[in-house]
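This report refers to the structure that appears directly beneath it.
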Amino acid sequence: MRIGHGYDVHRFAEGDFITLGGVRIAHHFGLLAHSDGDVLLHALSDALLGAAALGDIGKHFPDTDPQFKGADSRVLLRHVVALIHAKGWKIGNVDNTIVAQAPKMAPHIETMRALIAEDLQVELDQVNVKATTTEKLGFVGREEGIAVHSVALLQRP
């Protein structure tokens, strides 16, 4: 059994939506990133890669590589899943915490869980997504960006 932790942050930038957990959410900012900026799927990918001792997303999908410009993070996550399966691991469960002052996440969480479960090839009850604020403290509280913590448990079949 292996446990991995992932963490990612993206700052807000000009735009009118963000993508989190594969869900497009209307917002008065976008997220600054080389790919689609899905900070949730980036943190989750790092947690999975870390648990399998396969490095991090920067190693597999460098932001200096033009092929990943604007990349769909769901496609990247599916590639990560293929890598961990190739190493003989299966996913036990994943737990994700979105840290954001805005926008409100509650209306989108069940859709995020369903999309993530699909991409991970696991049951819905193996995927948790929750959200919290920082009570207006720090860069998140000032609405300068969004952070996500992810934990993944891998097991041998």
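From the backbone N, Cα and C atoms, a Cβ is placed for every residue, glycine too.
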Of the candidates HIS28, HIS34, HIS42, HIS60, the one that Swiss-Prot places in the divalent metal cation site of ASP8, HIS10: HIS42
Around the Cβ of THR132 (4-CDP-2-C-methyl-D-erythritol 2-phosphate binding site), the count of other Cβ atoms that are within 10 Å: 13
Check: same-chain CB within 8 A of divalent metal cation site center, minus ASP8, HIS10, HIS42: VAL9, LEU31, ALA33, GLY37, ASP38, VAL39, LEU40, ALA43, ILE146, VAL148
Among HIS10, HIS42, which are binding-site residues, the residue with the most C-beta atoms within 10 angstroms of its C-beta: HIS42
Neighbouring C-beta atoms (10 Å sphere around the C-beta of HIS34 (site 'Transition state stabilizer')): 15
Winner by Cβ contact number (other Cβ atoms within 10 Å) across the binding-site residues PHE61, PHE139: PHE61
